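Worksheet: the structure to be examined is printed underneath.
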Amino acid sequence: MAEPRQQECAPAQAAFWRRPAFRAALFQTLLVLALCLVGYSLFTNTLNNLEQRGISTGFGFLSQEAGFGILQSLIDYNETHSYGRTFFVGLLNTLLVSALGIALATLIGFVMGVARLSGNWLVARIATVYIETFRNIPLLLQIMFWYFAVLQPLPRPKQSLSFGEAFFLNNRGFYIPGPVFEQGFWLVGVAFALAVVAVVILARWARRRQEATGRQFHTVFVSLGLLLGLPLLAFLVMGMPMSWEYPALKGFNFRGGMVIIPELAALLLALSIYTGAFIAEAVRSGILAVSHGQTEAAYALGLRPGVTLRLVIIPQALRVIIPQLTSQYLNLTKNSSLATAIGYPDLVAVFAGTTLNQTGQAVEVIAMTMAVYLTISLSISLFMNWYNKRKQLVER
Amino acid sequence: MKEHVPHPDLPPPISNVGVIGWLRSNLFSSWLNTGLTLLASYLIYLSVPPLIDWAFLRADWFGDSRDACNSGGACWVFVNVRFDQFMYGLYPAAGYWRINLAFGLLVLLAIPLFIERFNHKGLLAAAILFLYPVIAFQLFAGGSFGLEPVETTKWGGLTLTLILSGVGIVASLPIGIILALGRRSEMPIVKSVSVVFIEFWRGVPLITVLFMASVMLPLFLAEGSHFDKLLRAMIGIVLFQSAYMAEVVRGGLAAIPKGQYEAAEALGLNYWKSMGLIILPQALKLVIPGIVNTFIALFKDTTLVLIIGLFDLLGMVQTAITDSNWLGFSIEGYVFAALIFWIFCFSMSRYSQALERKLHTGHAR
């Protein structure tokens with residue numbers, strides 16, 4: 001009586017709707033259908049809405065004349081240029097502030113990170129206070145503080161604060177002498193490029209020789225000599241083809257030299273101080289992650305402290321620091337979009353701000369802006385994956 | 001027999017113990033350190049006394065117009081006069097008690113969560129997550145139970161900051177969990193959809209997301225559907241935040257040993273049961289500090305809504321300092337806002353560190 005029932009209850013396979021493969025297929029089909037439905041309804045709604053508002057779709061607007069000025073431009077730009085060009089002006093300004101910010105934040109971060117671990121109690125305390133203060137205050141607030149509370153109330157150009165008659169600080173910006181390149185300066189550039197190539201070759205040769213024979217070479221000093229010496233030689237040979245142009249007050253404003261506009265200065269200060277605090281924490285955690293035994297082992301092998309730091313501690317700390325560092329660089333680049341709050345003409349302020357308002361091409365403009373940031377972050381992510389794979393601890 | 005009696009130990013040299021010893025080892029251990037100490041002391045001397053002088057000694061605290069600020073220090077009168085606006089935005093003064101009641105209720109409900117011996121934490125947390133928002137919304141928006149309706153355009157100040165970050169974290173947690181599970185799924189389409197969603201939102205700055213929410217969302221929806229500006233900002237923040245939350249949760253899922261997954265399967269639990277009963281409780285516990293950290297980031301990021309025209313705490317400060325009656329007190333306004341944000345963020349980060357130590361129960365390998 002019991003036997004046949006048992007056989008009935010033990011089928012060779014479960015019913016098809018209980019099989020994982022079937023469920024997975026069904027679920028994914030439903031997901032794709034739902035996504036298509038949502039996408040389709042968004043698409044048709046958008047088309048309808050655009051038609052109602054009389055906005056034509058497409059990227060034709062990019063070739064129209066923009067008709068608005070931009071505060072700062074790294075490439076030639078005026079009102080008669082196209083909307084397409086405003087995109088590049090904004091993009092370059094974003095890249096400029098990001099590059100400068102990354103350099104400054106790295107400097108601040110490394111100094112402060114090491115300072116926080118310093119044996120000097122006072123220095124460590126100051127670094128801690130810096131990190132804990134600026135990490136916990138919103139970046140936008142800091143940007144606005146520097147811009148509206150510090151840089152805007154500076155005196156007008158006529159009452160500028162001057163430093164040695166060459167540097168001037170007023171509410172229009174920070175004026176510094178600018179280099180003027182005369183004929184023949186190209187040779188200096190060529191000399192520098194040659195020096196870089198020479199240093200690379202030299203470093204490779206030195207390493208190979210050390211691996212083969214154990215003899216060391218003073219690569220650092222020779223490279224420095226090459227990098228400074230060759231361009232200097234070219235500079236002297238061509239008869240010093242460069243001079244400095246000093247800013248001078250003409251009428252209501254300064255002319256000549258170079259200027260850092262207050263918008264850029266505020267953004268740069270806030271970004272580098274804010275990100276510097278995060279980088280300092282990354283540096284600290286990286287150094288702490290290298291166990292003390294490593295230092296002791298290096299000393300036991302007879303390495304001097306400087307060499308220990310350079311060859312044992314830093315390479316291992318970098319494994320922890322670099323991933324955090326790149327994610328902070330990425331954050332800084334994305335955060336530079338807050339420029340729009342104080343009117344620094346970055347990509348978001350110029351393109352997703354003024355250009356969008358003038359043309360009304362919201363979909364195209366936002367898509368292009370997002371694509372830029374996505375490209376930057378995806379390429380950095382790819383670099384990170386490559387780096388992690390290369391540097392991963394190979395354990396037995 | 002003469003017993004050898006050793007001399008009593010000499011006390012350590014005076015230069016190695018006590019204040020002098022501490023000073024020697026911590027401040028003046030080498031020439032370099034001495035130099036650094038002197039430099040640091042000089043910097044402190046340059047900055048701290050003037051700061052204290054400005055902020056406390058010469059500051060004006062009470063009054064009701066800018067005439068009260070005449071002693072040359074900070075003018076806290078400005079903050080004093082505007083305090084209600086900084087806290088409640090443009091909310092009608094007669095309704096302040098509703099906001100106070102809502103936040104008071106939240107604090108009261110949350111207190112038992114921090115008491116070790118309280119046993120129904122799960123139930124209470126569910127009430128806070130699902131029941132409380134309904135009550136709070138009724139209190140804020142009004143329109144029922146005889147409460148006067150208040151439009152969302154009048155919500156502002158610290159209240160708005162707290163509402164935005166609260167909604168952001170509560171709504172993004174479930175979405176983030178789903179996305180994290182999706183990213184670890186074995187179904188290729190589910191996995192790639194999750195990956196694309198997460199990487200997209202993590203790759204763009206919040207400000208473009210907010211622009212998108214305020215400019216493009218109305219285009220995406222069918223004609224005639226009106227969307228509140230605050231709601232649009234919230235949708236943007238939640239989408240953005242859920243991607244970050246997903247990555248945090250994914251970290252927790254990855255930290256659970258494979259044996260746990262296999263054991264759940266061996267017990268015959270299906271996917272949702274094994275996730276809900278075995279994996280997620282452990283994974284979420286692991287990532288509580290990470291969740292607190294994303295909450296801190298979100299809390300700071302809510303200030304961005306002022307760019308699309310909502311007045312959170314920073315937005316209210318910004319409008320206050322451009323008031324022609326109070327020009328020239330921007331530093332006081334910013335310092336006050338910074339202080340509020342700092343208190344919130346710093347205490348949360350301390351809490352997260354304490355949690356990390358407490359929850360560190362042997363998962364790390």
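Cβ coordinates are placed from backbone N, Cα and C, and glycine is handled just like the others.
Just so it is clear, the model here is predicted, and its values are computed rather than measured.
The domain 'ABC transmembrane type-1' feature in TrEMBL is assigned to B:158-352. The transmembrane segment annotation in TrEMBL covers B:31-52, B:96-115, B:122-140, B:160-182, B:203-222, B:275-296, B:303-321, B:327-348.
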Tertiary contacts of the transmembrane segment (B:327-348) (same chain, 6+ residues out, Cβ under 8 Å): 55, 66, 69, 74-76, 78-79, 82, 86, 158, 292, 295-296, 299-300, 303, 313-314, 317-318, 320-321
Folded-back contacts onto the transmembrane segment (B:275-296), same chain, C-beta under 8 angstroms, at least six residues removed: 165, 169, 173, 177, 181, 241, 244-245, 248-249, 251-253, 255-256, 260-261, 263-264, 269, 345, 348-349, 351-353, 355-356, 359, 363
Contacting positions for the transmembrane segment (B:203-222) when only residues 6+ beyond its ends and CB under 8 Å are counted: 229, 232-233, 235-237, 239-240, 301, 304-305, 307-309
Contact set, same chain, for the transmembrane segment (B:96-115): CB under 8 Å, 6 or more residues outside the stretch: 84, 88, 121, 124-125, 127-128, 132, 135-136, 139-140, 142, 147, 159, 162
